[in-house]
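**Q** Structure provided below as structure tokens; questions to follow.
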């Protein structure tokens, strides 16, 4: 019996999806700004048991979603909160006309994004200053966030083990810094930009962490991105790992989402993600019933 559905990434490399795992222990989400709504739809369509996930790994907008999932939100609840909160992106008009991109960086402000995030934290009785260590002690979940350190030209990884006293909000601000839109941000005498610039789909981090912790063979990883998001061609080397399921949601060709996407665009993305995930599951079930 063939337990797998075989699919293709944007480079034509095959990857697979299996119905074997009853639940997942590790979740990986790519970056992609508002394209993260596709990922929320996919997670909802897969009917993943979020409460069974012990490790959340995210880049850029994926890191924000991972954090919200780790404190108890469902993919659908996060999606609904985005429909209720439209003004995520604020234009820095003074900087737009002057060309000054210092301080907060870029031509736009991320202030409203993090105001919205803080609101969601308060609703779950999570302190805005919660650190990685406090988060782990409170939730029992491991959160791994990545950002690109342009001062040292390397990827920095933030976890309760490497940066226990770092406030999670600070790590998310470092990770979700899309170049030009937001610009670099300074932290501990280093400047950071969006983690997706270096590694937008960190499957490798999940597998290395899995091996480092001597995880069981029954501990599966689920990794979700959009088909045409930014990921390197050599990512296919990680597809062969036996305990990973990958979902790449087909981006809608006529939709170019931004941080000011309309509710209709958000709904379209969520539905596309949900449809893709549901289709993969149906194909797998159909194949195994023949």
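Glycine residues also receive a Cβ, built from the backbone N, Cα and C atoms like all the rest.
From Swiss-Prot, here are the annotated features:
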ACT_SITE  194  active site, proton acceptor
DOMAIN    27-207  domain 'PNPLA'
MOTIF     58-62  motif 'GXSXG'
TRANSMEM  26-46  transmembrane segment
TRANSMEM  53-73  transmembrane segment
**Q** Do you know the DSSP helix, strand and coil residue counts for the motif 'GXSXG' (58-62)?
**A** 2 helix, 2 strand, 1 coil
**Q** Averaging the per-residue pLDDT over the domain 'PNPLA' (27-207), what integer do you get?
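**A** In the predicted model, the domain 'PNPLA' (27-207) has a mean pLDDT of 85.
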